[in-house]
Amino acid sequence: MEESRINILKSLQEVGFAVIELELYLDTHPDDMNALAAYNNLVTQQQNIMMNYERMYGPLRNNSTQSCYPWQWINDPWPWEIKY
Amino acid sequence: MWVYEKKLEYPADVERINPRLAKEIIAQYGGPDGELGASLRYLTQRFTMPSNYGKALLTDIGTEELAHLEIIAALVYKLTDGASMEELKKYGFDDFYAIRDKAIFYTDPTGNPWTAAYIQAHGDPVADLHEDLAAEQKARATYEHLMDLTDDKKVWNTLAFLREREVIHFQRFGEALDKIQDELKCKKVF
């Protein structure tokens, strides 16, 4: 897989990880306004990177984005096949 | 319902093929403290968890554990992908091969199949959260054993990430338990 694609994927994994971490934290600290602001900011970043990636390389989610012809979801690589 | 994303939570990778390590890492796929058990434990306990934050936490951690199950499978896949019959034999993978080739299955490294007897749900928030806290510590210890068993830097980094997540989950479950115990202490006036 080309380096530029790996780099976007890695940045998505980075932001996605921060979102998960804050999501769990907010479950037990729902009144932490700073954490909530950070969460909202990161979720927006995640959406932007994901849209960008999907526009260039095809769908990451199989039921949330429109597909080019032919149906793109079946294309490889699958997550376990990618070399970092 | 669940939505699948065609990516791993962490860029899990390996430096080289190692079927023996693959077999050891299966411990966290279908072993007693593995990711399958973790996910199924939390995703079923949530239905009888009384508090909203408890339901959210069990849903979210149970879902993250499914992503970890996929990471473990990716490691096992990569550690055996392309391995020759000679390598499979040399690295002690021949007993797994005899039944299922390189298919990834829910067993421990000695072949014991995963069983629901590994997990618990009692419908009691204090009992269930204590079960979850213990489970996270057992999973952390298992990851440390696996890290001791490998000198593959990329595998080690992936295991270190997963180990750290167990520490975080332990922390969050501890906070949920504290909150619930405080609530139980409150005097109820009818």
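In case you wondered, yes, glycine gets a Cβ from its N, Cα and C as well.
Those TrEMBL annotations? Automatic predictions, nothing curated.
What you are looking at is a predicted structure, and each value in this text was computed from that prediction instead of being measured.
Together with B:E35, B:E65, B:H68, B:H169, TrEMBL lists one candidate of B:E131, B:E136 for binding Mn(2+), that being B:E136. B:E136 (Mn(2+) binding site) has a Cβ environment of 23 other Cβ atoms inside 10 Å. Summary of the Mn(2+) site environment: with the site residues B:E35, B:E65, B:H68, B:E136, B:H169 set aside, the chain residues having Cβ atoms within 8 Å of the Cβ mean position are B:A38, B:S39, B:I61, B:E64, B:A139, B:L162, B:R165, B:E166. In this entry, B:D60 stand out among the binding-site residues B:E35, B:D60, B:E136 as having a C-beta under 8 A from a C-beta of chain A.
It is B:D60, among the binding-site residues B:E35, B:D60, whose Cβ has the fewest other Cβ atoms within 10 Å in the structure shown. Other Cβ atoms within 10 Å of the Cβ of B:H68 (Mn(2+) binding site), summed over all protein chains shown, number 25. Taking all protein chains in view, 24 other C-beta atoms sit within 10 angstroms of the C-beta of B:H169 (Mn(2+) binding site).
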